[in-house]
Structures are given as C-alpha cells and as structure tokens.
Amino acid sequence: MASHNNFLLHAFVWLALATTAFSLSSKFYDKVCPQALPAIKKVVQAAVHRERRMGASLLRLHFHDCFVNGCDGSLLLDSTSTMDSEKNARGNFNSVRGFEVVDQIKAEVDSVCGRPVVSCADILAVAARDSVVALGGPSWKVRLGRRDSTTASRTLADTVLPSASMDLPALIDNFKNQGLNQRDLVALSGGHTIGLSQCSIFRNRIYNATNIDPPFAKERRATCPRVGGNTNLAPLDPTPARFDTAYFKNLVKKRGLLTSDQALFNGGSTDKLVKTYSLNPDAFWDDFAKSMIKMGNIKPLTGKRGQIRVNCRKVN
C-alpha cells in the first residue's frame, strides 16, 4: 500500500512539474530574448500611428486565431496544395488584415533576438495587447510560451468563428465552447469599440432590424445601399480609433452596428453587464484585460508540440 501511495505521490509531483513547465508565463522571453517585447511594441506603435484602424485589425487576428483550435498562429498560414488557409473561411475572407504588419514584427523580433525564438502565436498575443494600449486602452501581462501549429483548418474556422448575425443564445454557446463565459463574451465584444465593419456585414440589420434606432439606421444607409457598396466601411462605434466605452453606450441606445452587437443589449441576460460597462470604464477595462488573458490561454501548443515558425505564413 505504501509503495502504491509513493507511486501516486511521484505521479502527482511529475504532473505538477509538467504543468508548470509547459504553462504560459509573462516572463517566458526574459532570459532568451529580453528585447523581444519592446521590438514588437515598436512595430505595432508605428503601424497604428500610420493607420489607426490597424490596431483593431491586429486585435482581431489574435481573436480569430484563438477561436480555431487554440492560440497557435494557424490563421497566419497561407494555403498550400494540401491545406486550405483559414484566411479563406467565411468569417475571415476579405476581412482579416494586418498580415504584412505581423511579417514586419517577425523580421524585427528575429533580428533583435539573433534567431527565431518568438512564435508567431505569441506575436499575435502581444500585438493585440500593444494595439489596445496604442489606442488608449488598458494593458495586461501577456502570458507567453505558445508554439506555432503546423496545420490550419478552414473547415473548422467556418464552424467555430462567431458570426455577426448571431443572436444571444448562439453567442453564449459559441463562447462557452471555447471555455469562455457570458462576462467574457460581453467584455471581449467590447473590442468592437475600435475598428470598422463592411457594409455587407451590417446591411441586413440597418434595413430589416426592429431593435435599431431609426435615425442611426438612416445614417448608416447613406453609405450602405441595399445593392452594391459591399466593402464600404462604417465605424463600429462613434470613436473607432479610441478604446473607450462608446460601444456600450451605443448598445444602450440601440445603435449597435452588428446584429451580434445589439444582441448583447436586447432584453437578455447580458443587459445588466452592458449597462455597467457603459457607465464604468474601469470595470470594462479590468474585465477586458482578464478575458484577453483567458482567451489567450485557449489550447496553446507548448513544450515540444508545434514549432517556432521562421516565416509566419508557412510551416518550416
């Protein structure tokens, strides 16, 4: 019996060590390349300074990467003869952007580190944080140590990425499947306080929705006709280049641009939290940071799994 207990104790200690060894850490690059994070920040700040919208685009890349098989950089892979890129999925095609900035970050980081030690998945996680900060939002300690996948799945991306047409129950289920709760759903949706959306994504809402402020619908129709103009852009909230609470204030006024935005304040279980965030920026910032850390922890590849890609667009 004693030897059995001894075995269990050793097994538990080994498991604890393994978990510690392969869990993400904000200090992961402190010794191997302390210049890595400042290098990422420098490129992100320059990119956002050139085009404020890029901040929202880089945040979205991390989100759309993590929702498909975990935060593993799979979204960055281009199509090959044997693999259809996630970039071609319904929720990504002609809408995800910023890949050239990721390429610039990768080149800069590999240069200052002297070799490829920082994964593309970690670059996405840090760039998302630095983008939010560059647009006036909160900061948080990004946990690092992810490795890059060697494959991607357009089919899975088509299935799991949340759609702009989803109602609240569908959104809750979608996030629950990723281990995220209703608070995470509302906080992370607050990322729509920055950025723009294409007419084809919100057209149905501004012409057919009943839970929409009529003057707002009329205003949006001016640049989004019933036919044509699919790529015409509209801001997701009145201050698309500033990370603030205008998104939530808009929802309370029935001025959410996307169906999935307004679903958060439509007589359902998330109304109270939307109201809280609309009135309390600190509460939103705090929860957004916590939910970003939680999302960044979705099924990371660590230890010997995956690889550190030399080129974020292709497998080594």
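Every residue gets a Cβ built from N, Cα and C, even glycine.
What TrEMBL says about a protein is an automatic prediction, not a curated fact.
Annotation source TrEMBL lists signal peptide at 1-23.
The disulfide bond annotation in TrEMBL covers C33-C113 (among others). Neighbours of C33 (disulfide bond), defined as other CB atoms within 10 A of its CB across all chains, total 18.
Around the Cβ of H64 (active site, proton acceptor), the same chain contributes L75, E86, G91, N92, V96, A157, L161, each under 8 angstroms and 6 or more positions distant in sequence. Among the features that TrEMBL reports, active site, proton acceptor is placed at H64.
Non-local contacts of S74 (Ca(2+) 1 binding site) by the CB criterion (under 8 A, 6+ apart in sequence, same chain) comprise D65, V68, E86, S149, T151, A152, S153. Positions annotated as Ca(2+) 1 binding site by TrEMBL: D65, V68, G70, D72, S74, E86.
TrEMBL lists C66-C71 (among others) with the feature disulfide bond. Around C71 (disulfide bond), the same-chain residues six or more apart in sequence whose CB sits under 8 Å from its CB are H62, D65, A121, L124, A125, R146, M295, G296, N297, I298, K299, P300, listed in sequence order.
The disulfide bond annotation in TrEMBL covers C120-C312 (among others). In sequence order, G73, L76, L77, F99, V102, D103, K106, C120, I123, D148 make up the list of same-chain residues 6 or more apart from C312 (disulfide bond) whose Cβ falls under 8 Å from its Cβ.
Counting Cβ atoms from all protein chains shown, P162 (substrate binding site) has 20 others lying within 10 Å of its own Cβ. Annotation source TrEMBL lists substrate binding site at P162.
A 10 Å cutoff on Cβ-Cβ distances gives H192 (heme b binding site) a total of 25 other Cβ atoms nearby, all chains included. Positions annotated as heme b binding site by TrEMBL: H192.
Close to T193 (Ca(2+) 2 binding site) in the fold, though at least 6 residues off in sequence, lie L236, D237, T239, P240, R242, F243, D244, T245, A246, Y247, F248, each with a CB less than 8 Å from its CB. Look at TrEMBL and you will find T193, D237, D244 tagged as Ca(2+) 2 binding site.
Within 10 Å of the C-beta of C199 (disulfide bond) we count 19 further C-beta atoms, all protein chains included. The disulfide bond annotation in TrEMBL covers C199-C224 (among others).
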For each of the recorded positions (V68, C120), count the other CB atoms lying within 10 A of its CB, then report the residue with the highest count. C120
C113 (disulfide bond) to D72 (Ca(2+) 1 binding site) - Cα separation in whole Å: 21
Note: among disulfide-bonded residues C66, C113, C224, least Cβ-dense neighbourhood at 10 Å is C113
Sparsest Cβ surroundings (other CB atoms within 10 Å) among the binding-site residues D65, D72, D244: D244
In the chain carrying G70 (Ca(2+) 1 binding site), residues 6 or more apart in sequence that have Cβ under 8 angstroms from it: I298, K299, P300, L301
Between the binding-site residues E86, D237, whose Cβ has more other Cβ atoms within 10 Å than any of the rest? E86
